[in-house]
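Here the structure is laid out as structure tokens; the discussion comes afterwards.
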Amino acid sequence: VLSAADKTNVKASWEKLGGHPGAFGGEALDRMFLSFPTTKTYFHHFDLSPGSSNLKTHGKKVADALANAAGHLDDLPGALSTLSDLHAHKLRVDPVNFKLLSHCLLVTLAAHMPADFTPAVHASLDKFLASVSTVLTSKYR
């Protein structure tokens with residue numbers, strides 16, 4: 001459960017992404033594919049070279065979905081219902097991949113916003129991403 005302080009930290013962090021959601025999301029995906037090559041199996045039709053338009057486009061979708069979730073912290077299941085259905089029933093993404101991407105997102109944010117990435121912000125973002133992952137995997141059962 002996200003506390004009031006967690007919610008403030010999450011919203012502030014996503015607002016700081018500004019006009020760069022595709023860049024941050026794409027970089028996080030790139031980190032995931034390099035660190036965990038088995039995650040590439042879901043993207044066989046993509047150009048997975050660093051900085052490719054496919055990575056940026058999908059990275060923007062990921063970042064936009066997280067921004068939407070950050071705007072609906074009191075109703076994550078409602079905000080992410082369509083994505084949960086998509087990932088569980090159509091794409092059949094292995095649930096562990098959400099944790100891997102969450103880790104890569106945290107690393108990317110820490111690398112680009114070191115002054116803002118305090119231990120409290122890190123903890124809040126980790127809780128947020130864990131909550132998002134839980135919602136996205138809820139329809140697997």
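Including glycine, each Cβ sits where the backbone N, Cα and C put it.
Lifted from Swiss-Prot, the feature list:
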BINDING   HIS58  O2 binding site
BINDING   HIS87  heme b binding site
DOMAIN    1-141  domain 'Globin'
MOD_RES   SER3  phosphoserine
MOD_RES   LYS7  N6-succinyllysine
MOD_RES   THR8  phosphothreonine
MOD_RES   LYS16  N6-acetyllysine
MOD_RES   LYS16  N6-succinyllysine
MOD_RES   SER35  phosphoserine
MOD_RES   SER102  phosphoserine
MOD_RES   SER124  phosphoserine
MOD_RES   SER131  phosphoserine
MOD_RES   THR134  phosphothreonine
MOD_RES   THR137  phosphothreonine
MOD_RES   SER138  phosphoserine
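Across the structure, HIS87 (heme b binding site) and THR137 (phosphothreonine) place their CA atoms 8 angstrom apart. Local packing around the Cβ, expressed as the count of other Cβ atoms within 10 angstroms, is greatest for HIS87 among the recorded positions LYS16, HIS87. Taking Cβ-Cβ distances under 8 Å and a sequence gap of 6 or more within the same chain, the neighbours of SER131 (phosphoserine) are LEU2, LEU76. Across the domain 'Globin' (1-141), DSSP assigns 106 helix, 0 strand, 35 coil. For SER102 (phosphoserine), the number of other Cβ atoms no farther than 10 Å from its own Cβ, over all displayed protein chains, is 20. Between the modified residues SER35, SER124, THR134, THR137, SER124 has the most other Cβ atoms inside 10 Å of its own Cβ, all protein chains included. For the pair SER124 (phosphoserine) and THR8 (phosphothreonine), the C-alpha distance works out to 9 angstrom.
LYS16 (N6-acetyllysine) sits 20 Å from HIS58 (O2 binding site), counting Cα to Cα. For THR137 (phosphothreonine), the spatially nearest entry among the recorded positions SER3, LYS7, THR8, HIS58, SER102 is SER102, judged by CA separation. SER35 (phosphoserine) sits 18 Å from HIS58 (O2 binding site), counting Cα to Cα. The CA atom of THR8 (phosphothreonine) is located 19 Å away from the CA atom of SER102 (phosphoserine).
Neighbour density at the Cβ, taken as the number of other Cβ atoms within 10 Å, is lowest among the modified residues SER3, THR8, SER138 for SER3.
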